[in-house]
Every structure is written in C-alpha cells, then in structure tokens.
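J.: In case it's useful when we look at the structure, here is the feature table from Swiss-Prot:
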TOPO_DOM  1-7  topological domain 'Cytoplasmic'
TRANSMEM  8-28  transmembrane segment
TOPO_DOM  29-49  topological domain 'Extracellular'
TRANSMEM  50-70  transmembrane segment
TOPO_DOM  71-98  topological domain 'Cytoplasmic'
TRANSMEM  99-119  transmembrane segment
TOPO_DOM  120-140  topological domain 'Extracellular'
TRANSMEM  141-161  transmembrane segment
TOPO_DOM  162-180  topological domain 'Cytoplasmic'
Amino acid sequence: MELSIQKIEALIRLSTIVMLVLTACLIGLDSQTKVIFYVQKKASFKDLRALVGLLYITSLAAAYNLLQLCCSSFSASYKGTSLQSYAYLAWLRYILDQAVVYAVFAGNLAALEHSFLVLTGEENFQWLKWCNKYTRFCTQIGGSLLCGFVASLLMFSIASISAFNLFRQYSPTKFMHLKL
C-alpha cells in the first residue's frame, strides 16, 4: 500500500509541475499589441502586478514540487533507520506542502481579482476595460488562471497525502507518541 501511495503522490506531483509550468508560460508569454488612434499600445502581464506575483509564485512552486519529487524518488531507494528523523522530515514536508498550497491559491485569487478589474473596469478610479480591446490577452490570462486553480487542487491532494503520511506514524492511543 505504501508503494502505491508513493506512486500516486509522484504522479500527482508530476501533474502539478506540468500545470504550474503551463500557468507560468501562459502568463509570461502573454502580450498583445493593438493600434488605438494611430498609437501602438501593448498589454502585457507586467502591467498587472498580481500577474507578476503569480508568475513568481507558480515558478517557485513548480521548483519546490520538482525538488520534492526528486527527494521522494531518492528516499524510495534509500531506507533510513531512524524513525524519529523520518517523523521530522514528514513534519517538514507537511508544513511546506501546506505553505505552498496556500501561497499558490492566494496568488491565483489575487490575480483573479485583478483580472476582474481589468475585465469590468472601474469608473471611480478611471480604470478602463481592457478585454474589449485585448481579447486574446484576456483569454490567455483566463486560461492561465484555470490552470493555476487546477494546480491548486492537485496540490491540495498532495498536502492531504503528506498529512496522511505524517499522522499515520503516530499511535492512536497515546497522544503524540510514535508507533514502534
């Protein structure tokens, strides 16, 4: 059973890496130039700070998941002897997985909120609607946000697996005592 959980976790991590890289590529390569009143105007992800932040967050999250995938493949071939050190590593993985899930989800929500302002505009602040002028730009950002939320769901399942791997080491009868 443990080997199948490791394989499932590796497959989910690989899928997460693909979705995060796809999100970062869709955001990073997104720009559109239009001629408006004989002036060329360019819409880019750099114009929206939330998209720049999401680009950095998804890139770091993909690197973290790649590192965890390499570490789990290494630890599958090497079995440690200390149960206590394995518990510390399980706690570290659990906390880092939780932090990465929250960071990616928060980055996606911030980018979604910023994208809604770009989509609808705001007259009080004199922010214009972009999506009626830059349709491909907005469509590509929408696709990247969809990929980002799918990656968040996949990372939530990874965090659930790491929680299972952590808490199954503890005794059900004695509080915070490792099983022997």
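Glycine is no exception: its Cβ is also placed from the backbone N, Cα and C atoms.
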J.: Please list, for the topological domain 'Extracellular' (29-49), how many residues fall into helix, strand and coil according to DSSP.
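T.: Taking each residue of the topological domain 'Extracellular' (29-49) in turn, the totals are 4 helix, 12 strand, 5 coil.
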J.: Cβ under 8 Å, sequence separation of at least 6 from the ends of the topological domain 'Extracellular' (29-49): give me the contacting residues as numbers and ranges.
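T.: Result: 55, 111, 114-115, 118, 130, 133-134, 136-137, 140-141, 144.
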J.: Same chain, outside the transmembrane segment (141-161) by at least 6, Cβ under 8 Å from its Cβ: which residues?
T.: 5, 8-9, 12-13, 15-16, 19-20, 22-23, 26-27, 30, 45, 51, 54, 58, 61, 65, 94, 97-98, 100-101, 104-105, 107-108, 111-112, 115, 118
J.: Could you tell me the mean pLDDT over the topological domain 'Extracellular' (120-140), as a whole number?
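T.: Its mean pLDDT is 74.
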